[in-house]
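Chemist: Checked TrEMBL, it gives:
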DOMAIN    31-121  domain 'Inositol-tetrakisphosphate 1-kinase N-terminal'
BINDING   Lys40, Lys81, His188, Lys220, Asn317, Gly321  1D-myo-inositol 1,3,4-trisphosphate binding site
BINDING   Arg127, Lys177, 209-220, Ser235  ATP binding site
DOMAIN    143-337  domain 'Inositol 1,3,4-trisphosphate 5/6-kinase ATP-grasp'
BINDING   Asp300, Asp315  Mg(2+) 1 binding site
BINDING   Asp315, Asn317  Mg(2+) 2 binding site
Amino acid sequence: MRLNGEISYRNEEENEMGSVLPPPLPQLKLVVGYALTSKKVKSFLQPKLEGLARKKGILFVAIDHTRPLSEQGPFDIVLHKVRHCCPDSNSQLTGIEWQQILEDYWRKHPEVTVLDPPAAIQHLHNRQSMLEGVADLNLSDCYGKVGVPRQLVITKDPSTIPDAVTKAGLTLPLVVKPLVVDGSAKSHELSLAYDRFSLSKLDPPLVLQEFVNHGGVLFKVYIVGEMIKVMRRSSLPDVNKREILNNAGVFQFPRVSSAAASADDVDLDPIIAELPPRPLLERLGRDLRRRLGLRLFNIDMIREHGTRDRYYIIDINYFPGYGKMPGYEHIFTDFLLSLVQSKYKRRLSNS
C-alpha cells in the first residue's frame with residue numbers, strides 16, 4: 001500500500017490567525033544575516049529560496065567571519081549554524097568562538113532576532129542531554145505515548161562496556177552512536193552491536209541505545225516555528241531473535257536520516273505506514289519548542305512495530321536539511337516574515 005509520505009499543518013493558534021501570512025509592509029526590507037557552513041549554504045540557500053525571498057522583501061546577507069560582527073548589518077535576523085568543534089573551510093572560527101561572538105552581539109543588539117540561541121543549540125550537541133526532556137513529556141491524552149529507547153552513556157574505558165550493559169539491563173542488539181554531535185560526518189556514524197563481547201572494541205565517548213523494531217520506517221518531523229511537516233523515510237529493517245543468535249560483532253550502517261529512499265517507494269502495511277496522529281505531533285512540537293528553546297529543528301521518530309500508539313524519539317537535530325522538504329522555501333519565508341510582523345505588532349501595542 002502506498003500512502004502520501006508527508007503532511008504539514010499549523011497549530012490551532014496559528015489557524016485562528018489564518019494560514020496565509022499578510023505580505024510584508026511596503027517600506028520594510030527584512031535583512032537576514034547568515035553564518036552557515038559551506039555545506040549548509042549549498043543545501044539551504046537554493047536559488048528558489050532566494051528568489052522567493054526577494055519577492056517578499058527578504059534579503060539574505062552572508063556574515064563575514066573576518067570582520068567584527070558589530071560592523072556588519074544592520075540585521076533584523078541572524079540565522080546561523082557553524083561546526084561545533086572545527087572551523088569551516090571558509091572560516092577560521094570554531095563553533096565555540098562563534099558562540100561567544102554571537103552572544104556578545106546579541107547582548108548589545110537585543111532588537112535582533114537570533115535563530116536560535118547558541119546556548120539552546122549547545123544542548124543538542126550531546127546525545128545524552130538532547131533526549132533528557134523527552135522522557136518527562138506527558139502526552140497520554142494525545143492519541144499516543146512518546147518515550148526514548150533505554151540507553152547508556154559510556155565516556156571511557158571500553159573494556160568496561162560489556163559489564164555496564166549487563167548491569168544496566170539493556171537488551172541486544174544495541175545502536176551505537178557517538179556521544180558528541182559536532183556537525184562532522186563521523187558524529188553521525190551509527191553501528192549495530194549484536195553481542196556483548198564485541199562492545200569492548202568500541203571507541204568511547206558514545207551512547208548505546210536499545211534497538212526498537214519499527215517496521216523499517218522512520219518519521220522525520222520538521223519544525224519551523226509553529227509549522228510542523230512530517231515525512232516518512234526508509235529505516236533499518238526489524239531484527240528477529242534468529243538474527244541476534246546468528247550474528248556477532250558490530251556492523252556499521254549508513255546514516256539513516258540522509259537516505260534518499262522514501263518509504264513511499266515500497267509497499268507497506270497500512271499500520272506501519274500510517275503517520276503519527278496530528279494532535280500528538282502538535283503537542284510534541286509545542287512542548288519541545290518550549291523545553292528546548294528552539295524554533296528550527298527536527299525529530300527522528302519511530303513507532304514500535306506491533307503497536308499503533310507507542311512512539312520513540314531517537315534523535316533531535318538542529319537546523320536540519322530543510323532543502324529536502326517539499327515547499328520549504330514557502331514555509332521558511334513565511335516563518336521569517338511572521339517573526340518581524342510579530343515584533344512590529346508588539347511595538348504598536350506598546351506605543
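Glycine too: its Cβ is placed from the backbone N, Cα and C atoms.
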Chemist: Going by C-alpha positions, which of the binding-site residues (Gln209, Phe211, Asp315) is nearest Lys40 (1D-myo-inositol 1,3,4-trisphosphate binding site)?
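Modeler: Nearest in space to Lys40 (1D-myo-inositol 1,3,4-trisphosphate binding site), counting only the binding-site residues, is Asp315.
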Chemist: Using a 10 Å cut-off on CB atoms, tell me which of the binding-site residues Gln209, Asn213, Ser235, Asn317 is the least crowded.
Modeler: Asn213
Chemist: Do you know offhand how many angstrom separate Lys81 (1D-myo-inositol 1,3,4-trisphosphate binding site) and Arg127 (ATP binding site) by C-alpha?
Modeler: 18
Chemist: Around the Cβ of His188 (1D-myo-inositol 1,3,4-trisphosphate binding site), how many other Cβ atoms lie within 10 Å? Please give the count over every shown protein chain.
Modeler: 18
Chemist: CA-CA, which of the binding-site residues His188, Asp315, Asn317, Gly321 lies nearest Gln209 (ATP binding site)?
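Modeler: Result for Gln209 (ATP binding site): the nearest of the binding-site residues is Asp315.
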Chemist: In Å, how large is the greatest distance between any two Cα atoms among Lys40, Lys81, His188, Lys220, Asn317, Gly321, the listed binders of 1D-myo-inositol 1,3,4-trisphosphate?
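Modeler: Result: 20 Å between the two most distant Cα atoms.
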Chemist: Would you mind checking how many other C-beta atoms are within 10 angstroms of the C-beta on Lys220 (1D-myo-inositol 1,3,4-trisphosphate binding site)?
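Modeler: Other Cβ atoms within 10 Å of Lys220 (1D-myo-inositol 1,3,4-trisphosphate binding site): 22.
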Chemist: Give me the Cα-Cα distance between Arg127 (ATP binding site) and Gly321 (1D-myo-inositol 1,3,4-trisphosphate binding site), rounded to a whole Å.
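Modeler: On Cα coordinates alone, these residues lie 19 Å apart.
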Chemist: Average the per-residue pLDDT over the domain 'Inositol-tetrakisphosphate 1-kinase N-terminal' (31-121) and send me the rounded value.
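Modeler: Here the mean pLDDT over the domain 'Inositol-tetrakisphosphate 1-kinase N-terminal' (31-121) amounts to 88.
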Chemist: In whole Å, how far is Asp300 (Mg(2+) 1 binding site) from Gly321 (1D-myo-inositol 1,3,4-trisphosphate binding site) when you measure between their Cα atoms?
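Modeler: On Cα coordinates alone, these residues lie 13 Å apart.
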Chemist: Spatially, and counting Cα to Cα, which of the binding-site residues is closest to Ser235 (ATP binding site)? Options: His188, Asp300, Asp315, Asn317.
Modeler: Asp300
Chemist: Measuring Cα to Cα, tell me the gap between Lys220 (1D-myo-inositol 1,3,4-trisphosphate binding site) and Asp300 (Mg(2+) 1 binding site) in whole angstrom.
Modeler: 5
Chemist: Can you tell me which of the binding-site residues Asn213, Gly215, Phe219, Asp300 is spatially closest to His188 (1D-myo-inositol 1,3,4-trisphosphate binding site)? Compare CA atoms only.
Modeler: Asp300
